[in-house]
Number of protein chains: 2
Amino acid sequence: MYALQQKILSEGIVLSEQVLKVDAFLNHQIDPELMRQIGVEFAERFKDAGITKIITIEASGIAPAVMTGLVLGVPVIFARKYQSLTLKDDLYRSKVFSFTKQTESTIAISNKYLHSEDKVLIIDDFLANGHAALALVDLISQANATVCGIGIVIEKSFQTGRKLLDEKGFKVESLARVKSLTDGQVSFVES
Amino acid sequence: MYALQQKILSEGIVLSEQVLKVDAFLNHQIDPELMRQIGVEFAERFKDAGITKIITIEASGIAPAVMTGLVLGVPVIFARKYQSLTLKDDLYRSKVFSFTKQTESTIAISNKYLHSEDKVLIIDDFLANGHAALALVDLISQANATVCGIGIVIEKSFQTGRKLLDEKGFKVESLARVKSLTDGQVSFVES
């Protein structure tokens with residue numbers, strides 16, 4: 001997705017050969033018009049998959065997921081990283097290790113909003129080693145619902161997540177695929 | 001806002017005389033079309049305020065804030081509740097006590113994205129005792145920026161927050177004003 005690649009080149013910051021910081025438009029400050037375009041793009045790529053629900057993780061997945069849900073006309077569920085007082089229903093839970101924060105956390109969704117007939121699109125901001133996506137797959141499996149696709153805003157293709165998800169047979173669509181972050185430069189996988 | 005009131009009546013759950021659970025469309029599952037309508041409504045109410053930036057708190061404020069930012073054509077910043085590895089800039093910090101979770105947490109925004117010339121609209125999902133809104137006001141004050149308004153999706157008018165913010169002279173616009181949650185019933189302030 002050209003507009004996203006240009007935004008990464010102009011406003012992304014390479015912190016190391018592993019870490020790309022996009023706090024300027026996705027992870028802290030959000031560019032709503034770019035998110036709308038991202039939603040349109042994801043909707044186009046998954047329009048024939050019969051999606052009934054989108055699942056993401058708080059917080060950075062919410063904006064692209066909601067914009068996608070708006071175009072596809074389906075609800076969005078964001079998995080929560082903690083158990084709040086008002087989220088006391090029976091929960092599906094899974095553990096996820098965050099590469100960025102180097103911590104393990106539990107994510108959860110209520111069993112009220114996800115059912116066996118649901119065809120689910122997973123949306124997330126980053127794909128690195130695939131742990132977050134697989135934790136979401138686990139939650140969806142607990143509901144006996146079907147994962148129909150995985151939409152990623154920025155994929156770090158030099159890490160293992162994409163290969164892992166491909167091997168498991170998921171349809172993965174990444175809007176920007178970062179080949180490397182060497183020498184402080186972002187280079188993309190040729191499309 | 002009629003559509004929001006109807007949604008609260010049909011899908012909100014009164015947990016106690018203090019707690020209204022709206023996990024069905026705002027705090028866990030999100031209704032993207034309702035969020036779009038909320039964004040249009042906030043934008044209409046603050047269209048003459050010269051807003052340059054919207055600030056909210058993760059996670060439930062993000063969807064209504066981004067939809068409002070899309071209509072107003074301005075960026076959204078979500079204050080983070082923790083300090084992630086990629087958020088290492090100089091930060092403005094403030095403490096907020098969560099009524100829902102009965103815990104105190106620190107929220108922070110990077111000083112890179114908020115400046116003294118900014119005219120800021122605060123958007124949040126709930127207004128109860130006003131602590132979250134005042135913590136955001138505190139962050140904005142640290143940047144010497146101007147708070148031009150506060151947009152609330154659901155105000156619990158029987159708690160102290162609205163009065164507190166009115167007394168401080170802020171323009172507060174709440175899309176649903178809940179008068180009471182007595183006997184398991186939601187009743188609204190007459191508009």
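Residue numbers in this text run from 1 along the chain shown.
Positions of Cβ are set from backbone N, Cα and C atoms, glycine also.
Under the heading xanthine binding site, TrEMBL lists B:LEU20, B:ASN27, B:LYS156. If you take the C-beta of B:ASN27 (xanthine binding site) and look for same-chain residues 6 or more apart in sequence within under 8 angstroms, you find B:LYS21, B:SER60, B:ASP125.
The DSSP secondary structure for B:ALA128 (5-phospho-alpha-D-ribose 1-diphosphate binding site) is coil. Per TrEMBL, the feature 5-phospho-alpha-D-ribose 1-diphosphate binding site maps to B:ALA128, B:ASN129, B:GLY130, B:HIS131, B:ALA132.
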Short-range binding-site residues relative to chain A, from B:ASN27, B:ALA128, B:GLY130, with Cβ separation under 8 Å: B:ASN27
Secondary structure at B:ASN27 (xanthine binding site), reduced by DSSP to three states: coil
B:LYS156 (xanthine binding site): secondary structure state under DSSP, collapsed to three categories: strand
Between B:LYS156 (xanthine binding site) and B:ALA128 (5-phospho-alpha-D-ribose 1-diphosphate binding site): CA-CA distance (Å): 5
In the chain carrying B:GLY130 (5-phospho-alpha-D-ribose 1-diphosphate binding site), residues 6 or more apart in sequence that have Cβ under 8 angstroms from it: B:THR160, B:GLY161, B:ARG162, B:LEU164, B:LEU165
